[in-house]
């Protein structure tokens with residue numbers, strides 16, 4: 001049965017596409033409100049090189065910006081761009097008052113230090129939420145820009161469980177700076193009891209079996225099956241893995257979807273779960289950047 005048919009027959013499947021569309025509609029209304037007050041939200045996207053996947057991601061981001069009414073500026077550079085040249089471009093965008101958000105598409109060519117580049121972006125324009133000031137601010141519970149994927153995951157959880165997540169035990173599988181660590185911090189902010197497991201954790205399966213919420217972000221295809229899950233858990237699958245089946249490539253998550261589905265109360269599919277939320281929350285973060293730069297509104 002196709003995923004579309006499964007979603008019609010199973011309320012357990014969290015429809016990330018539909019929820020992301022709702023987020024985009026919210027953003028669209030807010031953009032109109034800002035424009036009525038003379039502020040045109042603007043996102044600058046920087047792409048270095050010609051990586052095909054990066055080009056697709058940039059195109060999708062620009063299209064979604066156009067849909068919600070956010071002005072986008074694209075800056076494309078050859079793969080041999082020097083780090084100093086890229087930093088100079090970021091400095092220009094930092095000082096440009098009409099630019100509210102800056103996104104540097106990763107990965108960058110090997111001659112460029114990603115950490116130095118991301119740290120150069122002004123924290124209030126850092127729509128990816130990767131700057132150390134924003135990372136620290138999140139851990140302190142301050143109103144800062146947070147990474148798009150885990151922030152989108154919180155919205156998916158609230159759509160399934162309601163706005164109050166307090167007291168629930170959440171297990172985050174993976175400790176990356178992009179998803180795992182900020183996911184744990186955001187869940188703590190929601191007053192969940194949070195456990196982070198990773199490659200060095202003993203008895204991962206037993207730990208996961210205690211969880212009301214499981215967020216899988218480890219990058220291993222179908223690693224989590226029903227034996228890891230307790231009945232009625234809510235599962236958010238952040239993984240995107242390409243595997244070969246019957247001489248065809250298909251996308252799967254970190255969770256064995258078909259095995260887990262009968263066990264859980266709700267689960268995100270791959271594709272069509274977390275992925276659409278990431279770009280939707282990039283648009284949401286661009287508006288958050290506008291608010292931070294124009295606190296009087």
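Using N, Cα and C of the backbone, Cβ positions are placed for all residues, glycine too.
Feature list (source: Swiss-Prot):
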{"type": "BINDING", "residues": "174, 175, 176, 199, 240", "note": "NADP(+) binding site"}
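Using a 10 Å Cβ-Cβ cutoff, residue 176 (NADP(+) binding site) registers 17 neighbours. Taking Cβ-Cβ distances under 8 Å and a sequence gap of 6 or more within the same chain, the neighbours of residue 175 (NADP(+) binding site) are 181, 196, 198. Within the same chain, residues at least six positions away from residue 240 (NADP(+) binding site) with a Cβ under 8 Å of its Cβ are 251, 253, 270, 271, 275. Taking the binding-site residues 174, 199 in turn and counting surrounding C-beta atoms within 10 angstroms, the largest count is reached at 174.
Across the residues annotated as binding NADP(+) (174, 175, 176, 199, 240), the widest Cα-Cα separation comes to 18 Å. According to DSSP, residue 175 (NADP(+) binding site) sits in a coil region rather than a helix or strand.
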